[in-house]
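*Asks:* One structure, pasted below without further comment.
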Amino acid sequence: MSDPVIPVPPTAAKDTNCSASDYRDLYNHSLEKSERFWLDQADRLDWIKRPTVAGNWSYAPKVDIKWFEDGQLNACWNCVDRHAVATPDKTALIFEPDDPASDGRRFTYAQLKDEVARFANVMKTLGVARGDRVTIYMPMVPEAVFAMLACARIGAVHSVVFGGFSPHALRDRIEDCESDFLVTADIGKRGGKTVPLKQNVDAALSETPRVKSVLVVQVGDGSAAMTDGRDHWLHDVSAGVDNDCPCAPMEAEDPLFILYTSGSTGKPKGVLHTTGGYLLWTAMTFAYGFDHRDDDLFFCTADVGWITGHSYVAYGPLANGATQLIFEGVPNYPANDRFWQIVEKHGVTILYTAPTAIRALMADGDAPVKKHDRSSLRLLGTVGEPINPEAWRWYSDTVGEGRVPVVDTWWQTETGGIMLTTLPGAHDMKPGWAGLPMFGIEPLLVDNDGKPLEGAAEGNLCIRRSWPGQARTVYGNHARFEQTYFSTYEGLYFSGDGAKRDEHGYYRITGRVDDVLNVSGHRMGTAEIESALVLHPDVAEAAVVGFPHSVKGQGIYCYVTPNAGVDISEELEQTLRQHVRSEIGPVATPDHIHLTRALPKTRSGKIMRRILRKIAENETSSLGDTSTLADPEVVDALIAGRKGD
Ligand code: 6R9
């Protein structure tokens with residue numbers, strides 16, 4: 001049976017910036033006259049030197065991706081200064097604090113420019129120069145965005161590390177991108193709790209000699225310990241600089257930022273995005289994907305530590321001169337109506353959040369939503385993981401009162417911005433299906449041998465040609481970039497996701513086909529969690545798999561073999577759970593630690609993950625072929641000791 005199709009409510013489809021026929025024409029044009037299309041789109045940005053070429057790329061035999069390569073521009077100018085000139089009094093950012101009783105803050109574009117330029121001068125005072133990598137480890141406060149834009153202004157390359165990551169994770173990322181500068185805050189506030197960011201920084205830096213200067217934004221009471229000569233309060237340095245700081249002319253292909261993301265093997269990789277292509281891609285996908293209008297108030301709930309926070313908090317909205325809301329807290333603090341209270345208080349028109357948040361809020365029923373006036377909403381979006389049709393319907397019917405379109409946007413850290421979605425005014429919606437390709441995107445499904453599949457089909461999701469927002473490399477390891485994304489299927493970018501396509505060309509993402517987990521919309525490599533586990537002195541071996549979780553999408557199930565002589569105990573389970581938390585961060589906390597004396601292995605010693613996955617999923621009636629196992633009894637013992645309900 002095919003899934004139901006839901007038309008966009010007629011009132012919502014009126015006067016959007018792209019109708020169904022506009023989409024068809026523009027999409028065809030974007031593929032047939034790609035060069036022309038992209039050079040026209042480039043007009044969305046202010047260029048110091050206009051590009052005369054659009055794409056110049058190859059996926060094989062070597063991967064080399066360039067867009068607008070003879071163009072020059074500055075990303076900060078495009079996100080801040082040009083609007084400070086055109087619409088100085090328009091609100092750029094509204095800051096909603098964790099505690100609703102605290103004062104919020106607001107910045108017009110003119111004020112944003114002053115803040116960012118001053119921040120950039122502070123960085124220069126500390127010695128940051130063009131091309132330097134600056135690590136940003138911040139809570140969700142406006143200064144996180146100022147810091148990113150300040151880097152862009154002076155040509156430094158930011159590497160934002162999510163504030164929920166541990167000191168070890170922070171240290172690894174600082175070292176990997178050879179970053180000598182760090183921007184942080186004394187503390188972060190989330191859900192009424194305090195995150196000791198500066199303490200984490202001190203712990204990370206005690207293990208690496210790398211960082212020369214730490215700039216500290218005061219969020220708490222200012223009592224954080226400061227190391228003389230290394231640590232500086234932003235307000236102190238800021239007092240000595242002015243807000244006049246020119247935007248550095250950058251080549252389109254100069255790096256804009258590095259962002260670490262998990263893969264199926266090894267340590268997280270530093271995905272590198274460059275200036276012109278990325279900025280244009282986020283600007284264009286924001287404008288079309290959210291049908292942006294001048295009087296919108298856009299609220300993206302993602303943290304700046306993830307790509308969604310880069311593309312649709314920092315760059316996309318600001319490149320469009322939009323007004324947006326930044327929220328410091330979490331959906332259920334002080335109560336589970338917080339999102340709706342914010343929507344009502346500020347008159348949010350577009351809400352962009354993750355299925356995990358939707359499922360968690362749905363579990364609390366309709367009353368918290370209905371308590372608040374949501375008449376300002378005109379568009380709802382989701383991102384980060386597959387959304388189950390039930391959660392989609394609740395989002396659409398309860399939150400959106402059935403009058404608001406929902407866009408389910410599929411994309412990745414590596415794609416820079418939205419790749420698959422329906423457009424609010426153009427396309428019918430299909431709960432659970434992301435939809436159609438964005439302009440310039442040519443998706444392709446292939447079978448496991450790389451054979452392209454036609455028509456309605458299910459397979460591995462690849463992209464055929466390059467697009468401006470595509471990542472250019474893995475910092476310091478281009479071979480890994482080529483290997484990870486371009487070697488599985490020759491001549492194609494492989495996303496790592498499986499997908500279905502229906503007869504209308506809509507795509508539905510079925511989930512990762514590699515060893516990457518998606519827990520509450522956060523990407524995590526099973527290999528990363530395994531490495532953390534085996535670091536513990538009591539652990540001999542570990543195998544980590546995902547299992548379906550009703551709220552988080554996927555949960556983390558760890559099979560662990562302790563060293564000989566170490567007892568299997570509840571205490572050890574707790575210790576290991578805590579150990580992973582402190583090695584990687586709270587997002588990686590295992591749901592289950594299953595201690596076992598042995599793991600199912602082939603005779604050649606390979607762990608049979610397929611079987612471990614089935615046991616974790618409680619699908620033990622369909623274990624498949626176990627005849628190649630060295631010791632089939634291990635499986636029975638694991639089934640008997642399975643964790644979870
Ligand atoms: C933007 C972002 C990327 C992975 C991706 C896929 C999953 C993202 C999705 C989705 C189904 C959607 N994903 N959006 N799955 N429907 N609308 O989340 O980037 O953190 O790099 O994660 O997230 O599995 O491969 P990132």
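Placed from the backbone N, Cα and C atoms, the Cβ positions cover glycine too.
Just lifted these from TrEMBL, have a look:
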BINDING   Arg190, Gly191, Gly192, Lys193, Thr308, Asn332, Ser520, Arg581  CoA binding site
BINDING   Gly384, Glu385, Pro386, Asp408, Thr409, Trp410, Trp411, Gln412, Thr413, Asp497, Arg512, Arg523  ATP binding site
DOMAIN    23-79  domain 'Acetyl-coenzyme A synthetase N-terminal'
DOMAIN    81-466  domain 'AMP-dependent synthetase/ligase'
MOD_RES   Lys606  N6-acetyllysine
*Asks:* Identify, in sequence order, the residues in the chain of Arg512 (ATP binding site) that are 6 or more apart from it along the sequence and have a CB within less than 8 Å of its CB; answer 'none' if there are none.
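*Replies:* In sequence order, Gly496, Asp497, Gly498, Asn518 meet the Cβ cut-off.
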*Asks:* Give me the Cα-Cα distance between Trp411 (ATP binding site) and Thr308 (CoA binding site), rounded to a whole Å.
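*Replies:* Taking the Cα atoms only, Trp411 (ATP binding site) lies 9 Å from Thr308 (CoA binding site).
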*Asks:* If you measure from the CA of Thr308 (CoA binding site) out to 10 Å, which recorded positions from the list Gly384, Pro386, Thr409, Thr413, Lys606 are inside that radius?
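*Replies:* Within 10 Å Cα-Cα: Gly384, Thr413.
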*Asks:* Which of these binding-site residues (Thr308, Asn332, Gly384, Thr413) have a C-beta closer than 6 Å to some atom of ligand 1?
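*Replies:* The binding-site residues passing the 6 Å Cβ test are Thr308, Gly384, Thr413.
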*Asks:* Would you give the longest CA-CA distance, in whole angstrom, between residues of Arg190, Gly191, Gly192, Lys193, Thr308, Asn332, Ser520, Arg581, the set recorded as binding CoA?
*Replies:* 24
*Asks:* Looking at Cβ-Cβ distances, which residues of the chain lie under 8 angstroms from Ser520 (CoA binding site) while being 6 or more apart from it?
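*Replies:* Listed in sequence order, they are Ala354, Thr356, Glu385, Val551, Lys552, Gly553, Val587.
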*Asks:* Report, in whole Å, the straight Cα-to-Cα distance of Gly384 (ATP binding site) from Gly191 (CoA binding site).
*Replies:* 21
*Asks:* What three-state secondary structure does DSSP assign to Pro386 (ATP binding site)?
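*Replies:* The three-state answer is coil.
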*Asks:* How does the domain 'Acetyl-coenzyme A synthetase N-terminal' (23-79) divide up by DSSP, counting helix, then strand, then coil residues?
*Replies:* 26 helix, 11 strand, 20 coil
*Asks:* Please identify, among the recorded positions Pro386, Thr409, Lys606, the one with the smallest Cα-Cα distance to Arg581 (CoA binding site).
*Replies:* Pro386
*Asks:* May I ask you to report the DSSP-based helix, strand or coil state of Arg581 (CoA binding site)?
*Replies:* helix
*Asks:* Would you count the other C-beta atoms found within 10 angstroms of the C-beta of Thr413 (ATP binding site) for me?
*Replies:* 19
*Asks:* Tell me, how many other CB atoms lie within 10 A of the CB of Gly191 (CoA binding site), whichever protein chain they belong to?
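*Replies:* Other Cβ atoms found within 10 Å: 15.
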*Asks:* I want to check the contact list for Gly384 (ATP binding site): same chain, sequence separation of six or more, C-beta distance under 8 angstroms. What comes out?
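*Replies:* In sequence order, the residues whose Cβ lies under 8 Å from that of Gly384 (ATP binding site) (at least 6 apart) are Ala302, Thr308, Ala354, Pro355, Thr356, Asn518, Gly521, His522.
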*Asks:* For ATP, with binders Gly384, Glu385, Pro386, Asp408, Thr409, Trp410, Trp411, Gln412, Thr413, Asp497, Arg512, Arg523, what's the maximum Cα separation in whole Å?
*Replies:* 18
